Amino acid sequence: MICAVKQSPRAIICSDVVIRPKISVPSQRSSFLPPLPLQKPRNSAVSVHKPVHVSSLEKFGSLGVRKANLIKCEAYEAERSQPIDSSFELPQTPTPSEAAKKLKIGSYFALWWALNVVFNIYNKKVLNAYPFPWLTSTLSLAAGSLIMLISWMTRIAEAPKTDLEFWKSLFPVAIAHTIGHVAATVSMSKVAVSFTHIIKSGEPAFSVLVSRFLLGETFPLPVYLSLLPIIGGCALAAVTELNFNMTGFMGAMISNLAFVFRNIFSKRGMKGKSVSGMNYYACLSILSLLILTPFAFAVEGPQLWAAGWKTAISQIGPHFVWWVAAQSIFYHLYNQVSYMSLDEISPLTFSVGNTMKRISVIVSSIIIFRTPVQPVNALGAAIAILGTFIYSQAKQ
């Protein structure tokens, strides 16, 4: 054992595992040490597994002048050169890297666009063979509602914690969502998918106008200037559309207006609510389904549906059932992924992604359905989409 107690000008040094008294120090009471016995100490042997080095013992008893009631003692093993540090920090959980986060967002965007393209293709196929947009819209909401109810019951997804106030605030959002969904489906049943999405790219113009004249909000000048190419491009595309239909055009315009109010109601009703994007859209689908179903029966009715179904099966074949199932399922999936991505990104990034989504839908639908497009029509679509992109940049 190695032991050193240093105190100037005296020093006590001892070696070996047997400690024998070398200097007799009279005992003295201390305010911070227990009293020592006055009898003659006996020889004692201390056996340890590892030698311990007492590096310093300051202001110990009467060996020095006390300036403060403080004892500092450090000990460490003989083969170590520094005192044992008893303080340590638990390792922190590593946060996801920026590269992993960008990869996750990129995956959401790619899946969102792909699912939206697939939905629009099957939706147009179904509407060409089965022109009942009210029933088609109802089936889309029903498929999403059924998927989420099964997910909640089987605990694949955690069910949201809602109350009566939540559903009250969701009700106007569901009305606007229902109107927008049905109006867009009616538009696609009358005109080409590309034309519907070109008109729907004018939604920012409706958003600014409604917010300005109904809500009293003001915007900077670049936002108002960005509306010029949006409105001009949509007008140019509509005028030069070869298969123009007023019902299809008005359906897309009503859909724009309804979705603007949906967004406004969502911002007002969801303040302070802790419901994830996926569950929020699921609740929205369920409530919209309850609102839409009676109107679908009133506008079209089971008799028209049954007669149209027989005609579609006779013309298309049994795989028409797959078309209906696909458009219903993919409608829910692409909306669900879009709301999930909105949880991860800023509204600006979401707006840019939505603009790019429309481009992918327009191009893919023109290719798949071989929609005839004039150069002037294509120019109008490009101007409208560019204006939408400029608007998303100027609004931030």
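Keep in mind that glycine also has a Cβ here, set from the backbone N, Cα and C atoms.
These figures come from a predicted structure and were not determined experimentally.
Feature annotations, reproduced from TrEMBL:
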type     : residues : note
DOMAIN   : 103-392  : domain 'Sugar phosphate transporter'
TRANSMEM : 105-122  : transmembrane segment
TRANSMEM : 134-152  : transmembrane segment
TRANSMEM : 221-240  : transmembrane segment
TRANSMEM : 246-265  : transmembrane segment
TRANSMEM : 277-296  : transmembrane segment
TRANSMEM : 316-334  : transmembrane segment
TRANSMEM : 375-392  : transmembrane segment
Self-check item: Top Cβ-contact partner of the transmembrane segment (316-334) among 105-122, 221-240, 277-296 (pairs under 8 Å)
Solution: 105-122
Exercise. Using Cβ atoms only, state whether the transmembrane segment (375-392) and the transmembrane segment (134-152) have three or more pairs under 8 Å that are 6 or more apart in sequence.
Key: no
Quiz prompt | Segment-level pLDDT (mean, integer) for the domain 'Sugar phosphate transporter' (103-392) | solution = 88
